[in-house]
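Copied from TrEMBL, the annotated features are:
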TRANSMEM  12-37  transmembrane segment
DOMAIN    14-106  domain 'TMEM205-like'
TRANSMEM  49-68  transmembrane segment
TRANSMEM  74-95  transmembrane segment
TRANSMEM  140-162  transmembrane segment
Amino acid sequence: MSLFLSKAPYHVIIYSLIFGASTFQSFLAAPVALSVLERRQFGVLQNKIFPGYFIAQSVAPVLLFLTAPYQLGAVALSTLSVCSVSGLANYFYFLPWTEGVRYKRYALEDANKHKKDNGEFTDTMKALNSEFSKSHGLSLVFNMSSILSLLGYGFAMTRGLVRYVPK
């Protein structure tokens with residue numbers, strides 16, 4: 001069978017793209033952007049990246065399932081499911097929640113109602129900061145579960161692809 005007609009290379013390419021993109025975004029691009037951009041600029045940047053990023057985390061596991069050139073076992077199916085559900089949770093639940101809180105904080109800042117005369121945050125701003133920390137923290141947990149599940153799938157995939165290695 002021609003390698004181009006095999007599912008194997010497409011499977012590996014899809015896996016490489018989603019695992020590479022996820023780890024790059026989470027551990028390199030976002031931390032660097034946070035260190036060089038002002039908080040609001042960083043938020044605007046992430047707001048442009050996250051929808052596509054979370055959709056990719058949701059759809060790539062389905063594509064991996066469809067392109068698997070070997071029978072997927074329980075570990076592979078579990079890790080792909082966790083990855084997809086994590087991406088869906090981030091896209092449909094945590095992203096809108098976090099964005100909503102962020103825009104409320106921006107509105108307070110723009111109206112100069114986020115700090116008291118003594119420089120402390122107002123109670124409203126404190127509550128919004130707390131809510132943002134909660135929504136963002138939970139989103140990070142789901143993002144990390146997606147990345148770790150992809151890492152786990154990488155081991156399952158390697159086991160499945162070993163049969164393609166010439167002996």
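Sequential numbering from 1, following the chain as shown.
Placed from the backbone N, Cα and C atoms, the Cβ positions cover glycine too.
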Inset, instruction - Among 12-37, 74-95, 140-162, point out the range having the most Cβ pairs under 8 angstroms from the transmembrane segment (49-68). - result: 74-95
Legend entry - Contact set, same chain, for the transmembrane segment (140-162): CB under 8 Å, 6 or more residues outside the stretch: 8, 11-12, 15, 18-19, 22-23, 26, 57, 61, 64, 68-73, 75-76, 78-80, 82-83, 86-87, 89-90, 94
Inset, instruction - Average the pLDDT scores across the domain 'TMEM205-like' (14-106) and report the rounded value. - result: 98
